[in-house]
Every structure is written in C-alpha cells, then in structure tokens.
Amino acid sequence: MIAMNSRRLTQMPKEDAAGLQLGEFAMTDSESLRLRIARHVSNVLAPFSISLPLVTLVALYHSADPRYALACAFITLFFLSLGPLLYIAIGVHTGRLSDLEITRRSERMGPYLFSISSATVGLFVLQTLHGPYNLMTLLIITIASGIVMLFITLWWKISVHASSMASAATLLTAMYGSVMLPLFLLLILVSWSRVVLRRHTVAQVTFGALLSILLTTVILKLRGL
C-alpha cells in the first residue's frame, strides 16, 4: 500500500505533489494551533484557576466588613481548592494518580471524596467563625455537586471543568445580575476546549454544565439568594 501510494505520488505532476504536501502541512499546523489554543483555554479556565476570583467575588457580595469577608475567603479557598489540589499533586507525585487533571475515570473516586470532605470541614469552620452566608452557600453547592458527580463517575466521566464554570457563572449571575452573563460564553469556550483535547465528549461537558446549573439554581433558591 505504501509503495503504491509512493508510485502514485511520483506520477503526479510536480505542481500537484507540491500542493498536496503544502495542504498536509497546512492541516497539521492548523490542527496544532487549535490544540494549543484549547490547552491554554483549558488551563486558564480550570476549576483551580477560576476559584480565586469566584471566592473573592462571592465573599465581597453585599459584605458589611470586606476585610473579614476576605479573610474568610482565604479560609474557603483553602478548603475548596488548595487542599484538594495539594491532595492531587501528592497523588501524582507518588504515582497513585496519572496526572493533575485525573484523566482516568477510575482514579477520580479518591479526589472526589477528599474534595467533598474538605468542603464539609470548611463549611463547619465558617459556621464556627460566623463567616459570610454567601461563602457557606458556595461550599454547600460544592458539596452537593461533588456528591452527585461522585455517583455519576461510577459509570461515566463527567466534565469537572464544564461543571465548575457552569456553577460559577450561575452563582455570580444570580448575585451580580446580567453583568455576569458573559461568563456563560466562557462556559462554552472551556467546554469546547475539553472536547478538542479529547478529554470529554460533547455529551459529558453538556451534562456536566446543565447538572451544575440546575443544582446551583435549586440551592440558591433554598438559601434565599
């Protein structure tokens, strides 16, 4: 087969052969650029990356004491994001986990359980400190989403990137109004990146996003926000 293709190529006019080669290189370069863009988008809009602005904005919403709110935001950030990230990093270092994104579904149970436990401890800490109601709501959303996604992960690899961005966009739009609606464009962008990188299917990012929008909306209603 390779020999036949080689003979066919040598029989082509030089212009056609050159055009074919240029087309192949153009497709390769275009695909490479697409993957690089998707990778950057995925990193910039990763759950850990968006946690700092999310927690800060939630903490400062209608805050009577911004300094105290920011102090509680740091505590929330630790239990919500830094602690779980450290757990995953140690797992990768020791070989228990394959990578920081936990691309293998079979490896996700431990990180999910740790993240849910960490957020639960964080919630109790904030309650003890009489922390901002909004931050406690954020942790409740995280715990509820984590539990649901934990069970789904038993048979399906749902997208945490899409889920996290969807929850953040829904929460901030509910608090700050239509000015935050463009965040849903970022949801589409990060979902696209995960599909392009072949980390998830269209169904997995779509279901992850819709699930988080629904859970976040229900919890916000129950919490009166």
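Yeah, the Cβs are placed from backbone N, Cα and C, and that goes for glycine too.
The transmembrane segment annotation in TrEMBL covers 44-62 (among others).
Taken from TrEMBL, the feature transmembrane segment applies to 68-90 (among others). Residues 47-48, 51-52, 55-56, 58-60, 97, 100, 102, 110-111, 114-115, 118-119, 121-123, 125-126, 129, 131-132, 135, 138-139, 142 of the same chain sit 6 or more residues outside the transmembrane segment (68-90) yet have a Cβ under 8 Å from a Cβ within it.
Positions annotated as transmembrane segment by TrEMBL: 111-129 (among others). Outside the transmembrane segment (111-129), and at least 6 residues removed from its termini, the chain residues within Cβ reach (under 8 Å) are 72, 75-76, 78-80, 83-84, 87-88, 91, 97, 102, 135-136, 139-140, 142-143, 146-147, 149-150, 153.
Look at TrEMBL and you will find 135-156 (among others) tagged as transmembrane segment. Beyond the transmembrane segment (135-156), the same-chain residues lying 6 or more positions past its ends with a Cβ under 8 Å from any Cβ of the stretch are 54-55, 58-59, 69, 72-73, 76, 79-80, 105, 108-109, 112-113, 115-116, 119-120, 122-123, 126-127, 163, 167, 171, 204, 208, 211-212, 215-216, 219-220, 223, 225.
Residues or ranges marked as transmembrane segment by TrEMBL: 168-190 (among others). Residues 41-42, 45, 50, 54, 57-58, 61, 134, 138, 141, 161-162, 209, 212-213, 216-217, 220, 225 of the same chain lie 6 or more positions beyond the ends of the transmembrane segment (168-190) yet place their CB under 8 Å from a CB of it.
Long-range neighbours of the transmembrane segment (202-222) within the same chain, counting only residues 6 or more positions beyond its ends whose Cβ lies under 8 Å from a Cβ of the stretch, are 137, 140-141, 144-145, 148-149, 156-167, 170-171, 174, 187, 191, 194-195. Sequence annotations record features per position, and here TrEMBL assigns transmembrane segment to 202-222 (among others).
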